[in-house]
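*Asks:* Questions regarding the structure given below will be posed in turn.
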């Protein structure tokens, strides 16, 4: 009787486990991106919706850094912790990931970001509704759109914005840089590339 329960439990566990490595990596990227958005944009929401009383630039910077670290910690051993389509594209470009996986990674990251934003919107729904009298604004002192996205300054050209973001991505993410410095000091990540 005991052996039958153990076999049933084991088979149920095996039925829930994802057998495909691509499915595991896709779910990992989805969850990592969701975690990054909920925690990172949650710091922004806390600062904005409290009008700076319960947070500011320091809490946003530290909070988003912790959010990225947590997302990489969750996804790193399974998918490499890309949590960004630009990183996944760079990994393909430099031969560290198969091109056939790119649409799955990007799709999972997009859906994870969307789901994370939806979760965050649900968590802060009452605060968002009371912040500007029930209006969701994109500009002005009561704007809340910048909680969920970044917008360029009005004077910034498209070419300058592209150059700015490309250069920052190159400097910030050493795993996707052209100098082949991919996670040698993080052995659990190095093995997954």
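A Cβ is built for glycine as well, from the same backbone N, Cα and C atoms used for every other residue.
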*Asks:* Would you mind telling me which of 10-29, 30-49 TrEMBL tags as transmembrane segment?
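*Replies:* Range annotated as transmembrane segment by TrEMBL: 30-49.
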*Asks:* Under an 8 Å Cβ to Cβ limit, what residues of the same chain, 6 or more beyond the ends of the transmembrane segment (56-75), are close to it?
*Replies:* 28-29, 31-33, 35-40, 42-44, 46-47, 81-83, 189
